[in-house]
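Chemist: One structure is given below, represented as structure tokens, and several questions about it will come after.
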Amino acid sequence: MAALLLLKQPCRPAARTWTTRTRNDTALQPVTSITYLRTGRSAAGAVKLEEGGTDDEWLAYLEPAKLEVFDQLEPWAEANVVPLLKPAEVAWQPSDLLPDPASLGADGFHAACCDIRARAACLPDAHLVLQRHRMGALTRGWSAEENRHGDVLNRYLFLSGRVDMPQVERTIHNLINSGMVLKAARSPYHGFIYVAFQERATSISHGNMARRAKEHGDLALARICGAIAADEKRHELAYTRIVGKLFEVDPDGAVRALAYMMRRRIVMPASLMNDGRDGDLFAHYGAVAQQAGIYTASDYRSILEHLIKQWGVEELAAAGLSDEGRRARDYVCALPQKIRMLEEKAHQRSAQKAQPIKSASFSWIFDRPVRITMA
């Protein structure tokens, strides 16, 4: 579908403080398009099942009848998805959010960089650790927008003077080399469900980071994360609409695909991050994100609750579902409460018994330790 090939386009320029120059970069062609997903060659690679079932359950989604659904959605996508796209000519670029040496001159640029470093000095180390993650989006190669997100954060970290950039770059190199295990079946249904969930998660995490940065007085980072969060929110809307339409035209197939994904959990793209030093890097990273309130288990549950409501999963009529579809609907609708109960039990255990506190050293911040609680 031509309309879905264009999903990832830039947004409008964010407000800025420094004098900057305008860049009109040509948008990159997205890799995760409907055409790519239809070939069955998604970046997920082999699917590792966690709760029974067989790996070939999703193969039925590659049959002609399922793929034709997307051809039939072409007129709908033109009217409901294409309007969300933003042309490259009006997109914010990293240079819009950071000092521009050409327009500021040597003295002005030096002063602006000093201001960034002074404000960044107020950020806790945990927040700097979490900023490295978005550069992992470069490995996805989904769009020019994701590239801009990693690019602007890379430049910010460089100018802040608080991180070990060579070590950050080695981690990115290792992540690209390792690839990703998303546990997403290689079909359009499962792929769009994954990115709908993922885009909402990244919108939430960047929004939270923007608020934390503002609280600590780093307005540059707050502005950057706010711009990225707005992009991710628009991406979320596009993918949520697509999956919502699938629930309209093929409710049985859509709800079974959703259950398939939730049984295997939605895994973040950078789960294989490796800095060459910490063998438990992603676990430590996740603990920091949880403690800092940037992305938590409660966020995971709330995203699922939101999508269940958006897609009307609870309202799916049994008459329109197969036996497998009805079981999938019931499983998905019961899952948020199960997650909530696990959260409550975890909180009770924490209240009754002190959780072990340890210090994890992150190479990205010159091996400075960050105190974390490991469940």
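Placed from the backbone N, Cα and C atoms, the Cβ positions cover glycine too.
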Chemist: Given that TrEMBL lists GLU146, HIS149 as binding Fe cation 1, which residue among GLU68, GLU74, GLU78, GLU232 does it place in the same site?
Modeler: GLU232
Chemist: Round to a whole number and give the Cα-to-Cα distance in Å for the pair GLU199 (Fe cation 2 binding site) and HIS149 (Fe cation 1 binding site).
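Modeler: On Cα coordinates alone, these residues lie 13 Å apart.
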Chemist: Would you please pick out, from the binding-site residues GLU146, GLU199, the one with the fewest other Cβ atoms within 10 Å of its Cβ?
Modeler: GLU199
Chemist: How many other Cβ atoms are found within 10 Å of the Cβ atom of HIS235 (Fe cation 2 binding site), counting all protein chains shown?
Modeler: 26
